[in-house]
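Written below as structure tokens is the structure these notes are about.
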Amino acid sequence: MTGNQYIFQVSGIKTLQMKGELLQGIKRLGGKYLGGSKYKEEITHLVVINPLASEKFIAACAGGKWIVTPKYVLDSAEHGAWLPEASYELDLMANKAHGFTNPLLRWRENICSGTMSGAFQGWVVRLELDDPARKGMFERILRAGKAMLWTDESNTQAVTHVFTKDRTKTSTCLPTPYHTVSYIAEHLFGPVCSSLDWSINVDTLSYSASSVQTQTPRATSEKTEDEPTDDDDHLILLELEEKLKSYITKMELQRRVLLKVPELFRYYTPALPAQVTAVDFSNVCSLVECGLFPQALEEVQGSLKPGLLPPALLVQACMQHALQAEVQPYYLSVFSSVLNDILRNNPTWGSPKRVAYFLQILQCPQCKNSAWSLLQTSVRFCMASTDTCHPQPSHAPTELRRFHSNLQAFFLLLFRLELHAAGSGRRAEGSRASVLSSAFWTVWEKSTLSSRAMQQLAKLLVEASLWALHSNQEWRLRVLATLQEILAVTVEYWAQENSELNGRLVEKGFQDLAEYMAILCQDLRLDCLQELVPGLASPRLRMFTADALYRNLSCRTGVSLRPEPLSLLKIVSSYLKTLGRLCGCKHEQTLETRPETSSSTGSDSLLSGVEERQHVGVSSFGKENLPRGFHRVNAAGETLLHRACKRNQVKTVLCVLSLPGTDVNVKDYAGWTPLHEACNHGSIECVHALLQHCPGLQLDSQVEGVSPLHDALVNQHTHIAKMLLRHAGSALLQVRDNYGRTPLDLAPSPEVREELRRCACEGDSRESLEALGTDVRDLSLIETCSCLLSSLLLSYLQEHHILSCDAPDPPLDLGPSKARALMSLNPGVVASLWGDSEAVSLAKDLRTLMNMELYVPHASPALRQCQGPHTSLFLHLLFDLQDEGSALRSGQPVQTLTSLPSAGPLS
């Protein structure tokens, strides 16, 4: 033991997961790990599972080191301190006859007590081995046991041992007996050596840099040597994990700081007195009863002080008067000031009583609905919408619009202050009450982001975006910007409240709300999407919404995407290829998308298509037009489309496909899709109909590894297999089932196998022609998709702490060794060694970033020649990322994307 330092080496452990746990445990307890394949004399402990004929094991025994099992490190890590080693020392005498002492224990005690310096003390050894590498290995073993090595230059001492390849060799100049190197094991382990069932023999040695080959039957099939580079790479990767975890923590703290409003928060956090002096507001109430509202407000404003709450009914009466069209501008201005003064003197955080008070004064004064109802009515009044909780004044003077704008800004201010208080721990202990939470979530909806009110807020934002589309009126843009900020603050508040409890729940909540917004937007014009998505102020919501909309657009245009988790690799590889294929596609507007409605001044007509989409099968398709059994699902979970495909009822299939909202990839309870059933039962007409009329058809869907193509070939429906390959190309041939079989392995004969390859080539040729086209058929489609991908990419980089427009402090600096290790090892190895999922995800994204030259140069020629601003920006982003990846690969720190626009107001 070097002082109190614990220094470890590992030998014979090939399970990456176990090795990762050992290295993490050593590092956690302050120990030191020495990698590499050669024995290091400074170690104090060697970790092995079983005795093995390796350099490290034999040298550690000769040097009197602790040779322990992995359980020693794991138990110590769990205990939080190094445990006594005795009970964990490897026992060579286990399950053997009594009467012999464990050789490892004997040598260690003798050396540690000072009785001897090493197992080979007093030996003067001459090695007569031809192979320099083998000779070097045995020299290290002998030096570990304190033997002296004899050379021609240093021959003053008599040689005691000569080790050679040939046992029978004699020397006229050295009368010392000759031994093979197996003598070393016999000396160390004595009678136990034979029972170990391995020996060291130079004659049969197949040298590796760190081991001596065993001669047991098992040794011929399983290697025990330690690969020279593995341990070093694993140690580097564990250091990298700690660096990435620290980097993620710092970036998360920076993100929370960006969500806070410290200066504003201090202004709205007064020193509250222990006891508030009561104020008589009876005179003020009399003024209100007489209709003297301006005078009443002046009295209230003069009485306000920290901790004092004016009567809620009084404030409600003033609010109701302010919402009328005939009110004077002075009164509206004073009432806005009074609301801010009440909040400044009575912050809601940490006081359920004050939260209840604000919920009362901010409810709709006429119908007594929630605070969300008042906010929604205020926004709809500005939009001249009739969809309000009660009728609004038909005339909207400028002063009243300005008051509503100030009221919306007050809601935003209150919500931002509550977000700051929640993130700063300023609330009273045990109190999680807030106006924001009560306005948007009921008690039963706390665990879901997509509450009823949140869905209404998302829908209102879509309507407001359409209402303000291409407008240059400042007040319209101000209403829209406030609503965007309110949505962002609201979702971030919910995420902050739930992230510590369940991070996966938060991600699922954002995905669900994004999918809902994608449904709201799927019938909108493309130019509307170009304004709506980049305007989302929450980076996380913008990321998931852009992803959902891009997938929807791709599927509806005829380009299917594989369902896989969102990652940087997916964006720069799969999505970039898809964008190239979309260059040859034409976007068809649905019947619900009526461009002429954009000239309407109200917002109701602008979302008529969305409303119709939400009531699929009601307006255009009455019950009399639905096929029989459309709504029936049998005991196996099969829909009418499943059943029709099984029976080859192509007319029924076409009828179902013509209905709005039909999910062609719907699965039964076992996971089978209609395409699976058609391929399984040989329904060639149904397969043809699905391929022709369903652009979003998933041809690679699998159930226990069985794809539709597997299904067709297993059941000898070769004609269907050819149709699938001509449609989708050779990508389908790469899919393997649970037995590792590709579709070609299921072909009944070599002739059929060759014919399937030809059909796959035809499909590849068709796709290649689409991808290599230099013309963009629908510029608005490509511009919209590029806009979505730019928003997606920027938001993803920001959310996953890869790159940002603001310089991280400190910047992420991998260094050359860590960058090389990350590039050289398979991502699965990293995942098996690391326990932090966020660090694993960041490592995969950094690996993709350093490999950007594999993806960016292969962008479609049509994309590179496209002059659209959004497409040019997206390609510019990709080339910038390629440069950053090259710098990171060479060991330079990650820089900021200074040439890129900001990713959003909250970023």
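Yeah, the Cβs are placed from backbone N, Cα and C, and that goes for glycine too.
Some features that TrEMBL has for this protein:
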DOMAIN    1-80  domain 'BRCT'
REGION    211-232  region 'Disordered'
REPEAT    636-669  repeat 'ANK'
REPEAT    670-702  repeat 'ANK'
When secondary structure is assigned with DSSP, how many helix, strand and coil residues does the repeat 'ANK' (670-702) contain? 18 helix, 0 strand, 15 coil
Average the per-residue pLDDT over the domain 'BRCT' (1-80) and send me the rounded value. 86
Please spell out the DSSP helix, strand and coil residue counts for the domain 'BRCT' (1-80). 31 helix, 15 strand, 34 coil
Could you give me the DSSP helix, strand and coil counts for the repeat 'ANK' (636-669)? 15 helix, 0 strand, 19 coil
